[in-house]
């Protein structure tokens, strides 16, 4: 690791003075997995010396001990300055130094990018400062993170199912990875890659798909950098087939399975789940072998096989156990236009949306058998954007009338759940709005003052007329006398 003190001699002793009029705030160490993208937030301030608002401000990020005078920066907003070939098109200065921002975007991070980085600002004839003591260290780690796959515990043959794959590493201005799916249950057309921060897959399983693998692949911009997650499909058997028994139980129930065999010599008994031996007996022990599941869980679903074996042969019977449970962990995943960050929203969340923006809502839950999903807007039922994916609601262009409450319902024979989101739709306000409001306020105030003046003049006029009338009557009385 390159130590920070090695950066300090780059510009000579004159650059080591800590001038309080120059400051920069940046995270000391920035970790990023290899091949991924990260945003380095950075803010700075510098004295107003030798420049005005029309003076261009240039910012430069340099690596390690690079000389700002002769070396190439890794990123800059100065179009006349060449950047280093190794970081071209990957490092980008997204902040505006003229507005106090020096934020940096690093895409497709590589092992050789691991180093210290410092910032330099130039504006006018006097502001030329390198923030050597405020450098940050970029730590490039191995990509160990895997995508998350959301799939029902047990699939019903012949019934459509929706599977969601999410890779939870997303920043604004960072490119989205490419998703693809592979598995025996999928046709070749289902394996085409798509670019997003999550992928929604719909397919209809068959009994032959039971115990096969389904894999979600996430590929990044750099070749060879990828992540994947594999799940094993559990497709329920709808009828007794040969030596297989199908059993449905509710989550939390007590279950005791008994394996017994008559044989001579006595057989060795065993209980096997998939390919894993759960328990076994000795030939000289009891002629039965019990397996207790005191509170069955969703993960207990699968094929349990009772095996009996002695030196003369073997037999086995299988039981497919399906654990039924109502919807759990119901939530909504939201993807907004111009925002690549995927949001997980819980019940009661308020969502601020700009008018005209596109919005994609994906309702996700775990249940067995799969819950029936639907959307409502207020009291009105909203049809799904994709009939095969009732949990997906697409709003291509949000309007002001969309303001209100959107609710996803998950209905199930064992219970139902719902999650509601409150939409607040805002329109973009123009720069003249405040001026118009102020002008209207001033006109209203002037009209109000004018009305008050007219009322006062009217009152004074009435009083004068009344006084004159009174004087006239007094004069008439005097003549009569």
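Count begins at 1; order follows the chain as displayed.
Placed from the backbone N, Cα and C atoms, the Cβ positions cover glycine too.
Between the stretches 414-434, 435-455, Swiss-Prot puts its transmembrane segment entry on 435-455. Looking at residue 43 (N-linked glycosylation site) and residue 347 (N-linked glycosylation site), their Cα atoms lie 35 Å from each other. Break the domain 'Ig-like V-type' (19-122) down by DSSP state and the numbers are 9 helix, 40 strand, 55 coil.
Residue environment of residue 347 (N-linked glycosylation site) contains 14 other Cβ atoms, counted within 10 Å of its Cβ in all protein chains. Between residue 78 (N-linked glycosylation site) and residue 347 (N-linked glycosylation site), the C-alpha separation comes to 47 Å.
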